[in-house]
Amino acid sequence: MAVVKRGGLYNSHLTSPLHQGYGTHYATLWVGTPPQRKSVIVDTGSHYTAFPCRGCVNCGEEHHTDLYFDPDASSTFRALTCGSCLAGKCEDDDGDDIDVDNESNKCVFSQSYTEGSSWSAYEAIDKVFVGGRNIDKTMHDRLINDATRTDFLFGCQTRESGLFVTQLADGIMGMSAHPSTLPRVMYDQGKLSHNMFSMCFRRELHVSKRGIVAGMLTLGGMDTRSDFGPMVYAKNVAKSGWYTVLVKNVYIREGGGQRAKSDGPHQKLHRVRVDLNEMNSGKGVIVDSGTTDTYLHTSLAKPFQLAWEVAMSGRKYSNAPMTINEDELLLLPTILIQLASYDDLSTKGKADDKRGDAGGRGALDGLAGDVDPTSPQDVILAIPATHYMEHSPQAGTYTPRIYFTETRGAVIGANAMQGHNVLFDLENSRLGFAESTCEYSEEAQAVTAEGVMSVDCRLGKPSLKVSCSDSADLSSCKRRGNLDATISGLEIWSRIVLAPGMPQGKTCEQVSMEQNEADGGGPMEVNCDGKGVCREVRKCIISCANAMAQGAPSLKNSLSPIGSCAAATWSACDYTCTQTKINSVLMSDGNCHDEESLEVNRPCHVQACGRSDPCRVPFVVHAIIKIRGGVASHWTKHAEDIFTESFAATVNEGRKNDNLVEPGDVVVLNVTPWMASDDTIFGAKSLEGEDEELGMQIVVETSMFNNNAELPPSKRERDVPLATCHDSDLLPLASVALKINNKLAESNFVDIMVEKMKTDEALGEKQMSPFYFAFEDGNLAKESQVVTSWTIKTDIGAGSSLIDFVPIVRIHINFMFLALFSPIIALTCWGVRPWLIGKRASAMTGTFEKSDQTPRKGRRRKFARSSLEEYHPIHDGVSIMAIADDYQDNRSTVTCETDASGGESFRSFGSLSVYMARLSRFPRKT
């Protein structure tokens, strides 16, 4: 039976930079009309957004990045009054409660922290947009009309105390699993396609009011362009409140290492004995981006110390500062935390060898296959010493920032999130972790905004398809015999679709009409065919003399090309899974003319074709390629076409009629410079000379398209419904993905690909190509390499993110088993019901505690007292504790000093970024 599958690539998103604060990271909001800039800490441990407004008393304007927000300067600002309070309560100017029917007073709420910080605010709603620190006039105008600007409730602060006064960011932005957060509100208002977001943290040495970029925030999906490992998924075991994971094991790995996968058999692994009931008790283990450090349960202190002393030859662990050099820092142990997988809650105990890299090179990076074979799909979160050791340049010391202080549950803080692209997916109840450089490049964002990731449709320059003289009826001129008479006709102009845009953005027709109006054009009709081309039709008037002259064959033949209208390039892949190439030439009449004989189409399966449909695109191969001598600044759409065609040809090398991939299945996600410092852990400071640009890095994805997917009829032309498919259709495509990965692993892959690009007839001026130096020097091509590749399974189904196909016969057996034994199972469940009820009561006991069970904000505790929240259970205590009990009984059989290497490690040629060097180089906020 054909079914609809759940999932997709989730690449319909908005990405913006994060900046370094004092122990935290902050995003930039543009609030109001016209927009005013506000900086806010991104905090998955808080629900609400708040920042100082004009009139705020002693709120640290001199310390913050921006001036207080001025409500009077925004034409769209609206303060909520008593009749419309959402989160706060009515108070008069003296703070006394008043009649809720009084519309003249504001809705007030406040937040306090146990270390002494607090703030008070009144509720307000205004237009909000997440973006970069700086905007020019063009961007300013775009912000005003941007489709993602959101009517959003925030707190207009009237008072601050403690660290809120002296912090660098203006305010705070709650990002928890709560309906009041910006991602959730944007999703509810149709501004985002998916109810999810991701954060990627680096740590920089310096902070500045001008903003030091230190990561990125992605709303509505995940931006994988900076990842050097696959996204793996842990279960979010909380139903609401905070993002909560189930910790199953903790390990200490000798010899360090920056990644979850070990560097080799010399790195011995020591398991820390974890009491799962204690570790996951109370609120559970939450992932809190607003807490600087990581705080584990007190029951771990002693076993952690024992394992640490074994790994460190008797040296004790403490939170006292240490004087060590960088070489010694790299040799400190790496701490690994094992998290219950997204689907292991339903398939736990299976020891199947599920290899998600599709390359047969051992367990997938980030998964537990090598350390815990009984739970191979569990997530391994690696915290290297370069992340958990905080560096003080002034004192020249490093301080361990993992603490064992929690009496219930634990807090995985920002230092554990560093170097990971962390997906907070409320839509599918999961958290994703991908090892990443977390590099945000303005240049790269500008390039891809024109193509793969653009919110609005983007169109190329127009070229003339049908002229006025071609369409005019010349018979009336001949009948009248008056050459001065005028006749009407139509001009038809072609425009290539450079980017199909996102569902919440402007359509190609809207963009075309708006640009025509801005240019002062007259009435126009637009038709976009869904194959990557829009036709603009305008009425025109021409004299009989000109129409007859221009329509004469002699004059038409006299038109000659006088220049290029840019190289012909393929359009974006549109919703019909077709893209078009139109060759246009600048003629002597001053217009670019289509050469209809050279207009061609081809099938494609990227961008708007199936990106959200796991039945149509069930697998994607993601690869990172470094080209020695490549020049990223010379990258063009024409260069991209040459690259994708040569990439596909190289993958198909040696095959006759059964190609693995076609050029329309390949899309370039990102092109950035490859710097010498990228291949070092401590960045440019570890180089003897200045940093050098070695070449360029290309991130590319290849789609596996299921031609057997059944697409139901569409009610609206562009609203393509989800297809249905059979699991039997997907197994051959998984085999294709495996073959592509194996091809990419060949040592001469890039060398062959560069040679194919060099001999491509469409190359044009070789000197202008970003690959020119690699063309001229064959050794550069030989020094280039596919850094890594992996397969993404887009169907998340019941939770699996790996390639896992169960034979149909096994399904029949399972149904037979259920039919035979369901009465016995029902009686057994009814018998243990009283025990479960008692267990629920005991498990929920700790969920109401306020002070010492809550996360810390930059080494401070949160939620000691709040005027806007009632404390309630944030998850089902029974289910979490039952899971913990079950895992306790079936825990891993891995013992101390186990060889952590389960196979050949992924290639890591140049895959670590400058970020690794700048991890913890700023003073600790006191």
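Note that Cβ sites are derived from N, Cα and C of the backbone, with glycine treated the same way.
Annotation comment: TrEMBL describes 25-434 as domain 'Peptidase A1'.
Marked as active site by TrEMBL: ASP43 (among others).
The Cβ neighbour count for ASP288 (active site), using a 10 Å radius over every protein chain in view, is 28. Residues annotated as active site in TrEMBL: ASP288 (among others).
If you look up TrEMBL, you'll see 347-358 marked as compositional bias 'Basic and acidic residues'.
What TrEMBL records for 347-371 is region 'Disordered'.
Among the features that TrEMBL reports, transmembrane segment is placed at 811-832.
ASP43 (active site) is 7 Å away from ASP288 (active site) when you measure Cα to Cα.
On the 0 to 100 pLDDT scale, the domain 'Peptidase A1' (25-434) averages 87 in this prediction. Its own atom aside, the Cβ of ASP43 (active site) has 26 Cβ atoms within 10 angstroms in the protein chains shown.
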